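Comments concern the structure below.
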Amino acid sequence: MAEGNRTRVGEFILMSFSSLPTEIQSLLFLTFLIIYLVTLLGNSLIILVTLADPMLHSPMYFFLRNLSFLEIGFNLVIVPKMLGTLLARDTTISFLGCAMQMYFLFFFGAAECILLATMAYDRYVAICNPLHYPVIMNQRTRAKLAVASWFPGFPIATVQTTWLFSFPFCGTNKVNHFFCDSPPVLRLVCADTAMFEIYAIVGTVLVIMIPCLLILCSYIRIAAAILKIPSAKGKHKAFSTCSSHLLVVSLFYVSSSLTYFRPKSNNSPESKKLLSLSYTVVTPMLNPIIYSLRNNEVKNALGRTFRKALGLRFCIP
């Protein structure tokens, strides 16, 4: 229904990778399908193993389990629709569907940023205060930290999504992305969005940079504590407990920061799609692989779980 040059949009069209040849799109579909299945399987295994194995009931694995829930949520919000656009060429998404996709993207993104900072604090306590670690990170404290990680996503997602979708849209309804992210949807708005853009920039800086600074401070203290350990074996053991988390943090923050903090002049839609793929599709797949390959406790627990499932009653040597 038109009002002057304004249109009440009922659906959006996700441009996704429509500019690529059909053969390339089919190859992308197979690639993303494999990544999607590996992500679901890997993160589900982390959740099941950390719940089933008594050796993995420590705070570190409690937070890892929460991270795996977030990664599964991230993928369920974005990847199925992307696979549909590549396979069935179904590029349309309803107004409500676009809003819900953006809402949960903001929710899971904010929660992951804060949870990664919480995991850094857990490592800080474990290495800098090992004798008091069980007391400080007791069951009640870790539950509060988990709630504190998940809860901010609700108001952040509610305010930003409701505000953006309250604007009038005009002209084209084509979103030049493979999901409903804020910047490409904002380009379709025919109203003054200056205040919203200021809010979005401030919110993004707070959500990304404050947890990042907390992580940095934690690891500075951790590094100082590790350097004071006299034996090389002790230093290696202490560092190994942090290496997986450091790698995950680096992957997530580098890709998300490059996506949202690059100058507009250097940020073409195609390059932004590639960067978005790294933190929305690739990183959730790599997280369980990183924690499994670099952590002997997880590898041993996986072995014990599989052997129990097969009915073999013997211990891992």
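Each residue, glycine too, has its Cβ placed from N, Cα and C.
Outside the transmembrane segment (27-51) by six or more residues, the chain places 17, 20, 57, 61-62, 64-65, 68-69, 71-72, 75, 79-80, 82-83, 86-87, 281-282, 284-285, 287-289, 291-292, 298, 301-302, 305 with a CB less than 8 A from a CB of the stretch. Marked as transmembrane segment by TrEMBL: 27-51 (among others).
What TrEMBL lists as domain 'G-protein coupled receptors family 1 profile' is 42-291.
The transmembrane segment feature in TrEMBL is assigned to 63-83 (among others). Nonlocal intrachain contacts for the transmembrane segment (63-83), taken as residues 6+ away from its ends with a CB within less than 8 angstroms of a stretch CB, comprise 14, 16, 29, 32-33, 35-36, 39-40, 43-44, 46-47, 50-51, 93, 101, 104-105, 108-109, 111-112, 115-116, 118-119, 122, 142, 145-146, 149-150, 178-179, 248, 280-281, 283-284, 287-288, 291.
The annotation transmembrane segment is assigned in TrEMBL to 103-124 (among others). Note on the transmembrane segment (103-124): residues 59-60, 63-64, 66-67, 70-71, 73-74, 77-78, 137, 142, 145-146, 148-150, 152-154, 156-158, 160-161, 179-182, 207-208, 210-212, 214-215, 218-219, 221-222, 241-242, 245, 248-249, 252-253, 256, 280 of its chain, located 6 or more positions outside it, place their CB under 8 angstroms from a CB of the stretch.
Annotation source TrEMBL lists transmembrane segment at 145-165 (among others).
Taken from TrEMBL, the feature transmembrane segment applies to 198-217 (among others).
Long-range contacts of the transmembrane segment (145-165) within the same chain: residues 62-63, 66, 95, 98-99, 102-111, 114-115, 118, 121-122, 182, 185-186, 189, 196, 199-200, 203, 207, each at least 6 residues beyond the stretch ends and with a Cβ under 8 Å from a Cβ of the stretch. Outside the transmembrane segment (198-217) by six or more residues, the chain places 109-110, 113-114, 116-117, 120-121, 152, 156, 159-160, 163, 182, 186, 249, 253, 256-257, 260-261 with a CB less than 8 A from a CB of the stretch.
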